[in-house]
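Report on one structure; see the data block that follows.
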Amino acid sequence: MEKSMIKLKSTVIVVLFALLYLLPLNGRWLWSPDETRYAEISREMLQRGDWIVPHLLDIRYFEKPVAGYWLNNMSQWLLGHTNFSVRFASVFSTALSALLVFWLAMMLWKNQRTALLAATIYLTSLLVYGIGTYSVLDPMVTLWMTAALFSHAMILRAKLTRERLLAWGLMGLACGMGFMTKGFLALALPVISVLPVALAQKRIKELLLFGPLAIVVAVLLSAPWALAVHAREADYWHYFFWIEHIQRFAEDDAQHKAPFWYYLPFLIVGTFPWLALLPGALRSGWTERKVNPERFFLLCWMVMPLLFFSIAKGKLLTYILPCFAPLALLMAAWISGLAPVVRERLLRINSWLNIVFGGVLGLAVAALGLGIIVPHFYQPGEGLTIISGIVCFIGWIAFAAVSLRKQQTWGYLVAGCPLFLALLVGGSIPASVVDSKNPQTFIRSHQPLLEDSRYVLSDEVGLAAGLAWELKRSDITLFKARGELNYGLDYADAADRFVDEGAFPAWLADKRRSGNVALVLKTDRDSDDEYRNLPAPNQLRKSHRYVLLFYKQVVP
């Protein structure tokens, strides 16, 4: 009976994963700038056959190392030129992270129910789902940090020297791949997570003795590419270390500056539909650190990265994704160890929290649809879009309500709360957002004009990347704003890839002699102020914030 229940639960989790992570993947437009950027970088890598030096729009792009791009490359190579292939590497990495969570739970507690629950909590947590189906590098670096977490557990349980050597070698492998995916950050997180555990368990000597092995393995793994990119681009490491690491995280002009408490609300919302488990799980990691040292180990891997990112001046929501694997394990272990009566009470509280959460968000969508919160957020004729958005959260409430019926057996049905959101969110986004963040619709609507243009320009890098991806051409010229390609545009061979607004009339007069010109703009607001003073186009197409100015060739 027990085995059949475990098999049934495993099947349900696999089906839920397919419905959440795979089925909707191709049905949502790519978001700008992140998804269009990563889609185009890998498309160009495949087209150029250059897997060493990253380029975007055929311009040097040194913001990240290459391992994440390699995974995206393989996805596009295997699955073709689709939105599914753009996002698949993120989904694949998230699935592997969930498997590592399951295996680690089995290693720590040898209980399949707890292990399945940990994997389920991880996969259905709102933040993990949101980032895990979005084409960024964070799910990939999270995979390697989860592998480092797994390796650390092996280190703590190793008895023989050869077991320690293997575990520390695997730690080095995970750190090396993390470094190859997102840089020095992937080396810092394991160090700050391992250190307090070593201090608490008086294993500093072991850390000093075997830790260098992990460093050697990480260096050996990353050295071939690191040397190859240095040979090709001597300034790569200077830019990548000082600009991308020091300035981004530490200096006063760091990118994405935010206060210390920035991540707290995202942590709270990101743990839905399991929020009620959060306080007790974190508390148990500290109060039971002597009775259950594995919980303190997990707490360190969750809290130390969170503190690190909170102290850093530059902050982005996606940075805290690596915190959720140890958090899911802590939650599963804590609730599994509660007395049945206490567990049922906690699950009931959790269900009601989800009912309130779904109700508030459903009402928020309705209020947006009526123009109460933000006027004109939804446009006339978008009734079905509004209904779709409301149904997303009616589904959330429905799963939470059903889970109230029999808490002992049905309490974990809250795992299905995100299902309607996952399936319907693509059809719930208003046109005002689509026409400012999802350039594919606008590009496809005007594809004949764009394909008939010898020169295509854009005033935003994310939009330019979207044009390059859709048109399968990397020679998009930047207009007026250099954005994140500012560094690459300083190279002599990229001098003709940027046109200043003041020089545009003369540039246009010259280029129109040899072909049509298309200028695609993303305006700050729904007005003509930003293009009123430009040369008059032959055709002007506009949809909310996206504008296309088409200049027909002038035959000399």
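Glycine residues also receive a Cβ, built from the backbone N, Cα and C atoms like all the rest.
The feature transmembrane segment is assigned by Swiss-Prot to 88-108 (among others), with sequence analysis given as support.
Remote same-chain partners of the transmembrane segment (116-136), defined as residues 6 or more beyond its termini with a Cβ less than 8 Å from a stretch Cβ, comprise 6, 9-10, 13, 16-17, 20-21, 24-25, 30-31, 34-35, 38-39, 72, 86-87, 89-91, 93-94, 97-99, 101-102, 104-105, 266-267, 269-274, 277, 317-318, 320-321, 324-325, 328-329, 331-333, 335-336, 412, 415-418, 422. The transmembrane segment annotation in Swiss-Prot covers 116-136 (among others) and is backed by sequence analysis.
According to Swiss-Prot, the feature transmembrane segment maps to 179-199 (among others), an assignment based on sequence analysis.
The annotation transmembrane segment is assigned in Swiss-Prot to 207-227 (among others).
Taken from Swiss-Prot, the feature transmembrane segment covers 258-278 (among others). If one looks beyond the transmembrane segment (258-278) by at least 6 residues along the same chain, the residues whose Cβ comes under 8 Å of a Cβ in the stretch are 121, 124-128, 130, 306, 309-311, 314-315, 317, 319-320, 323-324, 327, 331, 334-335, 346-347, 349-350, 353-354, 357, 396, 399-400, 414-415, 417-418.
Feature annotation from Swiss-Prot assigns transmembrane segment to 296-316 (among others); the stated evidence is sequence analysis.
Residues annotated as transmembrane segment in Swiss-Prot, with sequence analysis given as evidence: 319-339 (among others). Residues 97, 100-101, 104-105, 108-109, 111, 113-115, 117-119, 121-122, 125, 127-128, 131, 138-139, 141-142, 145-146, 149, 189, 263, 266-267, 270-271, 274, 277-278, 280-282, 284-285, 292, 294-295, 298-299, 301-303, 305-306, 309, 346-347 of the same chain sit 6 or more residues outside the transmembrane segment (319-339) yet have a Cβ under 8 Å from a Cβ within it.
Residues or ranges marked as transmembrane segment in Swiss-Prot: 355-375 (among others).
For the transmembrane segment (384-404), the residues of the chain that approach it from at least six positions outside its boundaries are 273, 347-348, 351-352, 354-355, 357-359, 361-362, 365-366, 368-369, 378, 410-421, 424-425, 427-431, judged by C-beta separation under 8 angstroms. Here Swiss-Prot flags 384-404 (among others) as transmembrane segment, drawing on sequence analysis.
Remote same-chain partners of the transmembrane segment (410-430), defined as residues 6 or more beyond its termini with a Cβ less than 8 Å from a stretch Cβ, comprise 16, 19-21, 23-24, 27-29, 117, 120-121, 124, 126, 129, 133, 272-274, 343-344, 347-348, 350-351, 354, 358, 365, 368, 377-379, 382, 384-386, 388-389, 391-396, 398-400, 402-404, 438. Summarising the annotation, Swiss-Prot assigns transmembrane segment to 410-430 (among others) and lists sequence analysis as the type of evidence.
Non-local neighbours of the transmembrane segment (179-199) in the same chain are 64-68, 137-138, 140-141, 144-145, 148-149, 152, 156, 171, 206-207, 218, 221-222, 225, 240-241, 244-245, 296-297, 300-301, 304-305, 308, 322; each lies 6+ residues outside the stretch with a CB under 8 Å from one of its CB atoms.
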